[in-house]
Amino acid sequence: MASLVPGMRRLVYQAPTRFFACNQCLARQPTATSRIVSLVRWRGYASQASPQPTTPLNKLAQDMYTRAPAKEAEKVKRAFPETSSKGVAYWLLGSAASVFGIVVFGGLTRLTESGLSITEWRPVTGSRPPMTAEDWDSEFEKYRASPEFKLLNPHMTLDEFKKIYFMEWGHRLWGRFVGMSFVLPAVYFVARRRVSPKMALNLLGISTLIGFQGFIGWWMVKSGLKDDLFAPGSHPRVSQYRLTTHLGTAFICYSWMLVSALSILRAHSMRANPKAALDTIKAIQNPALNVFRRTAFGMVALVFITAMSGGLVAGLDAGLIYNEFPKMGLGLTPPKSELFDKFYSRKEDRSDLWWRNMLENPSTVQMDHRILAVSTFTAILALYAYSRTGRVAAVLPKGAKKGSLGLVHLVTMQAALGISTLIYMVPIPLAAAHQAGSLAVLTGALVLAQRMHVPRPTVRMLERRLKSMKH
């Protein structure tokens, strides 16, 4: 019993006071406030209450209150937006216009036979032209060692050399401008979170393609500086394969910029009225438009292939033969023995006869380009006629109807330019306009295809926006 007394005494001292006080005394005592209630009171009435002494609890509450919004704002600032800025779209359109211009100027460089005037590739120091007489003599001496000077221009003077030199130098300088005016703003837009994550990847891809295009350009020029890449005594020229690759890369770069810009502008336009945008998307997805939609996408591929066959024609100077239309000589096509000449085969079993003639025989290459051009022209006319008949005309959106009509206008102009270029034996103004026309037709095809397709992320974004507007 004596051993239980100390334990009972400690229990009494440690027990809560409410067990040993009356209810009236407890009612008069102030209630204890929790940390959460204190934090709420401090946030609501701190500005009105009189200054209170700083305590560890008050300081902790104040830090929590001030740091939380700052962290939230910093998190929002670092996140990529759902839709890229309109300024990015306008910049992409300007970059696409610059690429359009350099494609046309590159055609002029080829037509004036200026592309082989600079025999070195200096990406950095090459941006500065020769400034002194010694510099010009040095450049001219390098050109004199090239096959083009020895076989074509043995009597060229220094003043004549300066003209073709500045054409090629201007083309290369423009290429550097395209690269710098795209890569630097792209880095800025991504760093400042002005683009969506998908658009950031697009900008990275385009920047890489631009850098690769510079390498392809020199790879193409290099092919015209060696005697072993063309037959002895023939016209010195760059490889038609490399020329077409250079042209195709430029077309892809232009298309990528254009489609990216149009997608941003379209997303902003749809965000302004999500309900109307979703109704338009529903109309585009109508099963009656499946054939039209697929044909529109196929038209982009057909126009691109036709343009690339034109690159082969340019590389082989195939436009300087059979300068008549629609016939080629005595008939619609040259003789079979000319189209599939054994001269172009390099294997004993002639297994490469057909494809080498298709890509290296000027007669066959021109005939292929004619067939593709006529096929593209008739296909676009047929697509336009299809868009105005039956169920398609009733459900086809107004923008798609305008796009198909615009494409008809562009391809008609391009056909007239192509025939004129051929009949008049490739004059420089017509040939340059014909090359610009091919890019214009591709633009029309891309616009039409873009109007017939809406990416799924855009649809989900519109649905979320419409739902938030209802709430």
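Just so it is clear, glycine is given a Cβ too, placed from its N, Cα and C backbone atoms.
Database features, via TrEMBL:
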type	residues	note
TRANSMEM	88-108	transmembrane segment
TRANSMEM	173-191	transmembrane segment
TRANSMEM	203-221	transmembrane segment
TRANSMEM	241-265	transmembrane segment
TRANSMEM	296-322	transmembrane segment
TRANSMEM	369-386	transmembrane segment
TRANSMEM	407-426	transmembrane segment
TRANSMEM	432-449	transmembrane segment
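Contact between the transmembrane segment (296-322) and the transmembrane segment (203-221) does not hold: fewer than three of their C-beta pairs are under 8 Å, each pair 6 or more apart in sequence. Non-local neighbours of the transmembrane segment (407-426) in the same chain are 111, 299, 319-320, 322-325, 373, 376-377, 380-381, 383-384, 433-434, 437-438, 440-441, 443-445, 448; each lies 6+ residues outside the stretch with a CB under 8 Å from one of its CB atoms. Of the Cβ pairs linking the transmembrane segment (88-108) with the transmembrane segment (432-449) and spaced 6 or more residues apart, 3 or more are under 8 Å, so the two regions touch. Contact counts against the transmembrane segment (173-191), taken as Cβ pairs under 8 Å, peak for 203-221 among the stretches 203-221, 369-386, 432-449. When Cβ-Cβ distances below 8 Å are used as the criterion, the transmembrane segment (369-386) is approached by residues 291-292, 295-296, 299, 302-303, 305-306, 309-310, 312-313, 318, 325-326, 328, 392, 404-405, 407-408, 411-412, 415, 418, 441 of the same chain, each at least six residues removed from its ends.
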